[in-house]
């Protein structure tokens, strides 16, 4: 017996069996000999003989735990239920460290039967008996990771396994996968790096590291991993042409990838290889070749009855074919391909989504049904929500489109596309402030998103936050823009400057835009208007000339140029303006602005009847044109038809009440002899616009005429608060102060009046009166002499100087002034 055990231990199994057989012949009840011979038979894979000997050993010695253990090991694959019973009896007899393998093997059987909790209990029992068993830690970790989703506990078990065997690659890889599950990518990469350090030429490890680095958005490192993988010569890697092709494709070596697959297909054509080939051809923009590859794959899949099996694999081929047709803009064939994909696999969300896109491009309303179906199958389908938002947006249903963007953002909270489109929709919905919030979020996510800056600038422009609009347009012009976008930015920024009345900067932007589009007449029109506002009349005329050269039928250009000619104030300019307004009316007889401008032009040259006719025609064209009523009222007043002017001004006021019109009506009331009505109009004008200086001035003049000097003084002062350089107000207040005996204030006002109007004879005449009243005859004589030097043909002034000189004792000079006054008066009467 001892010799047999010795031979068994040294693996001389045949001789050992002979020795144990001899012992059994001499002593058939020797359980130990049966046990060892059974173990020897098991090692020689003579399992039937081994089972017989082990059963005999158990029969002879029911407490032999080893016999139960070894029989359980033999039965583990063929009869797991009996194997579990044998392991259970074995541990029942001996549950010490000697028998931890029974727990281990029973745990393996439970794992194979998916009884995870029982398996974990057995592996924990193993570890309780021997904490250095690496396999137990690893298996518990895998069960927790793959089947029970207990990732943190799995990490702890893998860490224990690594402590037990620090050089075991599998533990590092498993722990990396567990870290990946809890999105702890940095630690996952660290563990994969440790595994690669132990096995540097393992292609799968490099591939896994590349995947994790991609998810960490470390694209350069990920790309380096893939390139490293492409250069590997590992036999297992080279034996997988599909994997090798994918790697070469990632490295942008599409030709090598295609050659690799074609070589593999020539040896063994398989549908899956054709599909991979087609995908790489799609990536290489060889769309026709890709379609052929997918068709070959379908042909290989067809059954003997020439039918394509209803499998996802077949559906994917049609789906990919549909994508190719979409790339070729062949939407009908693409739609048919997606129909077939859906028919083969009815739960294919991407196929529904792409068919919805086809239908949307074909302007079919049922596209929305496909998007709905895609979302029902895959509620996290980001692009389906975005496409549904685009559909509702195209139909003007902005609120519903925004709701879909909200759902898309829940799926991808940092999506530039979703925030940008939602901002655009809110702009369309006229909720500009909300749009600005989304566009600002877009810019935070992508600092160079040109369209986000552009749309946000437009939103700021809409809410009249011009400073921020200018800032965004300025940022845009620092980025690399296309010619078209640069043109739009310059035009929009120019319009912002116009709104701010910064015509110089606006003009510069329009001129720069003109360099990008030299044949755009509207830009020259804008430049002309800016030059007009800057009083650069010649430059403005040249711009409008350019407009008319590019667009001879431009009504706006003729009107604008006509206004410029009228601004010149000389006769030739008026005639040229008249021609431009007449051409405009010839081009468009319904152009009211041209008729009103022509009416004012004719009024300026004294052709009142013709002017009245133009204003009347404008009113006939548009009975609600208040400007035409204003013009005709002005003409009527000059023609002495005060009541007609009154009626036209009333008609204008019914359309729009303004301080100017109320003031004009007040003037008409004065002319008609109704000062109280006039005062009411001036007061109403002031209530409409408290800063309208002309209403205060006319009211002050009326108070002055009524000898209400205190009220007049108050109103003249208000005029000068609003318009400090108003000559009439200063001179009239000076006279009022004179009448109110406010001597010092009167002196100050006359000084200001002379500073403003140094060549006004009237100012000097009135100050001479003032000094005469104060009996300061020398100063009075000096001022009246200055007045006569400016206006030498005034009989009244000569008479007044004669009176002053008489008071000064200059009798001879006084007589001469009287004679001069009589001479001028005689000449005037004779004329």
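Backbone N, Cα and C atoms are what each Cβ position is placed from, and that goes for glycine too.
Feature annotations, courtesy of TrEMBL:
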- 31-64: repeat 'TPR' (REPEAT)
- 169-202: repeat 'TPR' (REPEAT)
- 271-304: repeat 'TPR' (REPEAT)
- 315-348: repeat 'TPR' (REPEAT)
- 382-415: repeat 'TPR' (REPEAT)
- 487-520: repeat 'TPR' (REPEAT)
- 521-554: repeat 'TPR' (REPEAT)
- 693-726: repeat 'TPR' (REPEAT)
- 761-794: repeat 'TPR' (REPEAT)
Who are the chain neighbours of the repeat 'TPR' (382-415) in space, where the CB to CB distance is under 8 Å and they lie at least 6 residues beyond its ends? 349, 353, 356-357, 360, 367-368, 371-372, 374-375, 421-422, 424-426, 428-429, 445
Residue distribution over DSSP helix, strand and coil in the repeat 'TPR' (693-726): 27 helix, 0 strand, 7 coil
Averaged over the whole of the repeat 'TPR' (271-304), what is the pLDDT? 78
Per DSSP, the repeat 'TPR' (169-202) contains 27 helix, 0 strand, 7 coil
